[in-house]
Amino acid sequence: MTVERTLVLVKPDGVRRGLIGEVISRFERKGLKIVAMKMLRLSREKAMEFYSVHKDKPFFKDLVDFMTSGPIVAMILEGDSVISVVRQMIGSTDGRKAQPGTIRGDFALSVQENVVHASDSPESFERESKVIFSDEDYVNY
Ligand code: IDP
């Protein structure tokens, strides 16, 4: 067993559409543990830092506009192999191609507005989680 952590965001479209509960519920039912959670609005600086790997992509400005267009819900989930498990549960980036049964497959029809973000590697988790959470945000239980 490899207990890991991952960062999940319910993006502004997910919050606007009332999907916060749906998203959290899927992870709870899977048996994943929420060890930190908050609602916030990303500043442009934080959004640009969060998505810095995409800074040279043509969609970068639109992505930053979108990610700062409303509040997000951020959470850290913990569980066995949680990074790959959650990536499978959210589905492919493009909502039109994501498998039914995944969050994006069930709720997204866009490549940009795809409801959720989840870290894709332990290195991404380390970097991304520090953009949003500090050590005292984690709860031990
Ligand atoms: P991921 O969210 O599945 O890890 P990434 O390739 O890391 O996918 O892209 C980050 C986010 O950037 C996507 O979730 C989506 O919101 C946005 N994005 C990715 N590719 C495109 C694109 O071709 N057009 C517009 N937005 C995109």
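Positions of Cβ are set from backbone N, Cα and C atoms, glycine also.
Where the annotation comes from TrEMBL, it is an automatic prediction and has not been curated.
Quick caveat, the model's predicted, so the values are computed rather than measured.
Look at TrEMBL and you will find 3-140 tagged as domain 'Nucleoside diphosphate kinase-like'. Annotation source TrEMBL lists ATP binding site at Lys11, Phe59, Arg87, Thr93, Arg104, Asn114. What TrEMBL lists as active site, pros-phosphohistidine intermediate is His117.
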Contacting binding-site residues, sequence order - Lys11, Phe59, Arg87, Arg104 vs ligand 1, Cβ under 6 Å:
Phe59
Considering all pairs of residues in Lys11, Phe59, Arg87, Thr93, Arg104, Asn114, annotated in the record as contacting ATP, what is the maximal C-alpha distance expressed in whole angstrom?
22
Using a 10 Å cut-off, grab the number of neighbouring Cβ atoms around the Cβ of Arg87 (ATP binding site), all chains included.
16
Between Lys11, Arg104, His117, which of the recorded positions has its C-beta surrounded by the fewest other C-beta atoms within 10 Å?
His117
C-alpha spacing of His117 (active site, pros-phosphohistidine intermediate) relative to Phe59 (ATP binding site), in angstrom:
16
Separation of alpha carbons, the residue listed as 'active site, pros-phosphohistidine intermediate' and Arg104 (ATP binding site) (Å):
10
If you draw a 10 Å sphere on the Cβ of Thr93 (ATP binding site), how many other Cβ atoms land inside?
13
What number of additional C-beta atoms lies within 10 angstroms of the C-beta atom of Asn114 (ATP binding site)?
23
Just to be sure I understand, if DSSP states are collapsed into helix, strand and coil, how many residues of the domain 'Nucleoside diphosphate kinase-like' (3-140) fall in each?
62 helix, 30 strand, 46 coil
